[in-house]
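As annotated in TrEMBL:
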type	residues	note
TRANSMEM	83-107	transmembrane segment
TRANSMEM	128-154	transmembrane segment
TRANSMEM	174-193	transmembrane segment
TRANSMEM	200-224	transmembrane segment
TRANSMEM	355-377	transmembrane segment
TRANSMEM	397-418	transmembrane segment
TRANSMEM	482-506	transmembrane segment
TRANSMEM	526-544	transmembrane segment
Amino acid sequence: MEPKENHARRKKGGLITMPFIFANEICEKLAVVGFNTNMISYLTTQLHLPLTKAANTLTNFSGTASLTPLLGAFIADSFAGKFWTVTAASIIYQIGMISLTLSAVLPQFRPPPCKGEEVCQQASAGQLAVLYGSLLLGALGSGGIRPCIVAFGADQFDESDPKQTTRTWTYFNWYYFVMGAAILVAVTVLVYIQDNIGWGLGLGIPTVAMFISIIAFIIGYPLYRNLNPAGSPFTRLVQVAVAAIRKRKVPNVSEASLLYQNDELDASISLGGKLLHSGQMKFLDKAAIVTEEDDSKTPNLWRLSTVHRVEELKSIIRMGPIWASGILLITAYAQQNTFSLQQAKTMNRHLTKSFQIPAGSMSVFTILTMLITTAFYDRVFIKVARRFTGLDRGISFLHRMGIGFVISTLATLVAGFVETKRKKAALAHGLYEHPHTTIPISVFWLVPQYSLHGMAEAFMSIGHLEFFYDQAPESMRSTAMALFWTAISAGNYVSTLLVTLVHKFSAGPNGSNWLPDNLNKGKLDYFYWIITLLQFFNLIYYLVCAKLYTYKPIQVHDKGDSSSDGNQIELTTPV
């Protein structure tokens, strides 16, 4: 009966589920980006925090929100499943948004407005505690949504079924496009409302949208293809490591065929295919060597692991260096919501005499470029590249990521030159000592750096998502998506560390430094070029890692012919 039930369950999913899944992602992004994009303005103008403290608060919150997906992924992959994890996390997120909206509406949660040239009163510890508590609930909610919703969407497409025409790499392009469209609304409509109408309404709209998305996501439950969790993936990884250490003195076997395999034991964690033995990290193979003390029928998994489980650990370890290479790209990207936004606030943002672009909406150029690049990549680039490479996806995700790294390095290089031009304009017009006076230089000089970051994201970030989902063991795909977000977390923390170090070591005897509240007196261009240099070295590191990377070896069960006596097996190397 079980195989029939499994087969029936796999008939669910497909394109019909996408509106329900994307609705949740759209509203989560409206809420997160609608606040994050303009958060630097909220912290400096509403709570009156100094620029560097506000910038570090923003990157620390972004980093924490990108670290909590590890917890959400563990819960989803271990026992709760992706659907219930997303549902519970969305409710927690909803509570955080309600709290955040109330803190923006009620005056007792903010310091009094500034009066003339008086020194503004900073937010009290209690007022900051309310803000941080709301942000923490949002971070916990994001931790359940972010790693699970993207993997849950990809699970709706069964690539081992030849009747399935939609491929997961196409889904990732769609996912990022929809996410980008939501971000576009956030950085235009919501930021405009926050700047010109009020933060209460600007936060209230995504709060209501999040509530609607939760209802829509739950309504779609009967249509979803739900894969049951297969137990804690972290426990299995630790078991392999412990078994290998316990057998460290046992000599390696001469042939891989002598290593322990148990298809029945691995059935729940290898529905899509079984991982094959690879020649790397042979020490871990010791965990799959059968000794006289082992019972192969009912093995003690702390002493004996199957080849599939050993290869799960190897796959995660192999992904580590590629994961680390994505950190600095996020560090570069993070400057858009802090220092690039502050640059925009000092420049001429008028489109007409009565209308000017909100500084927080400058990231619209990043999003528009990302959307255009993603659409071009999916509809044109893949078809052209396919003729030369023969790959369905056009180019491998490793090549896609490499292109993104090059563009990101160029983005911060350009940003440094634009900042030099902005400071020269301030000096030429006698505004060196007037940080709050608009410099007569168009804000559109910032468009190249914003657009290059968007183009880099279309290549690097989507390629990173593809890489983690494709190369991770199938029972650890929520965990793999969490790795994507932990790279973002690490990138934000590195940004905080970099800002702190530059602020400390560039300090002069008169209190000056590279990153003062008055950017006209600073050396922000030097800061951008430091990031450019770091990205250049990171690019070299990535190229070495990509060259040495070995794709996971897997036997895929062919479901095309259900009438055959046994499943046809084919060896694939996903690219």
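Including glycine, each Cβ sits where the backbone N, Cα and C put it.
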Residues of the same chain, at least six outside the transmembrane segment (397-418), with any C-beta under 8 angstroms of its C-beta?
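Same-chain residues near the transmembrane segment (397-418) but 6 or more away: 169, 322, 325-326, 329, 332-333, 335, 340, 343, 445-446, 448-449, 452-453, 455-464, 466-467, 470, 525-526, 528-529, 531-532, 535-536, 538-539, 542-543, 546, 549, 575.
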Using Cβ atoms and a strict cutoff of less than 8 Å, what residues sit near the transmembrane segment (200-224) while being 6 or more residues removed from its termini?
12-13, 16-17, 19-21, 23-24, 26-28, 30-31, 34-35, 38, 83, 86-87, 90-91, 93-94, 97-98, 100-101, 104-105, 152, 156, 186, 190-191, 193-194
Can you say which of 83-107, 128-154, 355-377, 482-506 has the most Cβ pairs under 8 Å with the transmembrane segment (174-193)?
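Against the transmembrane segment (174-193), the leading stretch is 355-377.
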With pairs restricted to those 6 or more apart in sequence, evaluate whether the transmembrane segment (482-506) and the transmembrane segment (128-154) have 3+ C-beta pairs under 8 Å.
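Checked: the transmembrane segment (482-506) vs the transmembrane segment (128-154), in contact.
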In the same chain, who gets a Cβ under 8 Å from the transmembrane segment (355-377) while lying at least 6 residues past its ends?
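Sequence-remote neighbours of the transmembrane segment (355-377) are 37-38, 40-41, 173, 176-177, 180-181, 183-184, 187-188, 191-192, 194-196, 336-337, 340-342, 344-345, 349, 394, 443, 446-447, 450-455, 457-459, 462.
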